[in-house]
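Trainee: Questions regarding the structure given below will be posed in turn.
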Amino acid sequence: MDLLIPDKAHDESRQGEALVLEPNGKHNGRKLYIESYGCAMNFSDSEIVASILADKGFETTKDFNNADVVFINTCSIRENAEVRVRNRLKEFAGAKFKNPGMVVGVLGCMAERLKAKFLEEEKLVDVVVGPDAYRDLPNLIEQVDNGQRAVNVLLSREETYADINPVRLNSNGINAFVSIMRGCDNMCSFCVVPFTRGRERSRDAASVVAECTDLFNQGYREVTLLGQNVDSYKWTAPVAEGGEALAVGDEVKIVNFANLLEMVALVSPDLRVRFSTSHPKDITDEVLYTIAKYDNICNYIHLPVQSGNSRILDLMNRTYDREWYINRIDAIRRIIPECAISTDMITGFCTETDEEHKDSVTMMDYVKYDFAYMFKYSERPGTLAAKRYADDIPEDVKQARLAEIVAKQQEYSYYRMQARLGRVEKVLIEGFSKKSDKDYCGRSDQNAMVIFPVTEGYKPGQYANVLVERTTSATLIGRIV
Ligand code: 5AD
Ligand code: SF4
């Protein structure tokens, strides 16, 4: 599942933003410019890339005109994501013309999807690197320095970058992404991710906990555990300390996602834990009980439904039907009554009738999502749907259906916000609000954005109890009590 996280990586303002980090004291005299598109995993990967290159002495810059290496970490999920990257490459052309030694690299999903074809199609590009090949970047840059163009799009069954402690780009020092697994084995028929990010593999649980502990000790107060499908996280750990190879007869311990959540929650009660993304087929009651048990595991679940109709869900190869999904929603409401729920929805999937679309609308009525990402179906080359089904819903019908669910969601977002009026929310202060440095902003446990006046004695990184006095459909407004 794809890691759309409200107001974080998927905040429109972060898409394509220059990502920079504090100098680490190593210099090789060269400057790296990196920008990222798409999901939170891509933003997290850009931090791995920056770590690998910072270690080789690269410093980051906000201006691609001054850079020696220009990287664009790409997304392939919908066609317009790719169009955006192509347009952006055109903007780099002038800088490269002035500085012919500049290395231009395409990273991420689009690199993986197009492979060496990218070099033919975009003359500007020197390096094409898939998401499992970032350790090779220093070599690939060297190849370009020696006059060759370079490609590494090998996917791996093992690579989790577990040992790389990523630097944090554009960090506020409070929230961080921590990747816990890579790839996806689900093969939803509309989705390119299994092709661009390869097979699913989980990262060593001990390294996840160590990274979260380290973040907490540096002052971070919130981690978001990332995976395409966090509920299928599975790590087989040797019980003995030290992590030696397992010998026959050794006792082993399997760490599932509920166990991992608990391990991270125990790092400190002051460390908030979020996660994304959950898959309706895999989210267990054990996970829900773990969320309910720990105050610092946030009451917020992103549970993409994609469609409310069982026939369409079957064509999408989602491996659950409407009843199953509703059963999971009911379980969340039962076990974590205060839980906020968000979703992803696709309109106009192949052969979807008006009646079937209505099932998506009634699903929204049933759940009353706090938040939703909504898309028109966009056929992606190489996917099962592209091979099997015609993309036969006219653009205007897709658009009208999308407009209908967007309007519906607007109502429910407002409804959910209104329900918080007069309540006191525990907010982790993240910084000044975008509009004014007289106000702080931060997020509630349920992931709602909260704005309130700066108050003496409170600083970013601290928790505050905020009484909600007003709302919009996206924000709670109040004051510290
Ligand atoms: N067309 C439209 N939306 C898509 N998504 C993934 N693939 C496609 C596609 N081909 C949506 C899904 C997914 C989210 C990240 O993007 O809703 O959960
Ligand atoms: Fe998510 Fe399905 Fe794509 Fe996997 S295949 S990333 S579960 S949408």
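Positions of Cβ are set from backbone N, Cα and C atoms, glycine also.
The model shown is predicted, which means the values in this text are computed figures rather than measured ones.
Marked as [4Fe-4S] cluster 1 binding site by TrEMBL: CYS39, CYS75, CYS109. The [4Fe-4S] cluster 2 binding site annotation in TrEMBL covers CYS184, CYS188, CYS191. According to TrEMBL, the feature domain 'MTTase N-terminal' maps to 30-146. Feature annotation from TrEMBL assigns domain 'Radical SAM core' to 170-416. Look at TrEMBL and you will find 418-481 tagged as domain 'TRAM'.
In the displayed structure, how are the listed features positioned relative to their neighbours?
Mentor: Mapped onto three states, the DSSP output places CYS75 ([4Fe-4S] cluster 1 binding site) in coil.
For the recorded site, CYS184 ([4Fe-4S] cluster 2 binding site), the DSSP three-state label reads coil.
Per-residue confidence over the domain 'Radical SAM core' (170-416) averages 94 (mean pLDDT, predicted model).
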Trainee: For the domain 'MTTase N-terminal' (30-146), what are the DSSP-based totals of helix, strand and coil residues?
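Mentor: Summed over the domain 'MTTase N-terminal' (30-146), the classes give 62 helix, 23 strand, 32 coil.
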Trainee: Ranked by the number of other Cβ atoms within 10 Å of their own Cβ, which of the binding-site residues CYS109, CYS184, CYS188 ranks first?
Mentor: CYS109
Trainee: Name the secondary structure element type, per DSSP in three states, that contains CYS191 ([4Fe-4S] cluster 2 binding site).
Mentor: coil
Trainee: Consider the binding-site residues CYS184, CYS188, CYS191 and say which one has the Cα lying nearest the Cα of CYS75 ([4Fe-4S] cluster 1 binding site).
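Mentor: Among CYS184, CYS188, CYS191, CYS191.
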Trainee: Provide, as an integer number of angstrom, the distance between the C-alpha atoms of CYS39 ([4Fe-4S] cluster 1 binding site) and CYS191 ([4Fe-4S] cluster 2 binding site).
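Mentor: Answer for this pair: 14 Å between alpha carbons.
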Trainee: Suppose we draw a 10 Å sphere around the Cβ of CYS75 ([4Fe-4S] cluster 1 binding site). How many other Cβ atoms does it contain, all chains included?
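Mentor: Around CYS75 ([4Fe-4S] cluster 1 binding site), other Cβ atoms within 10 Å: 24.
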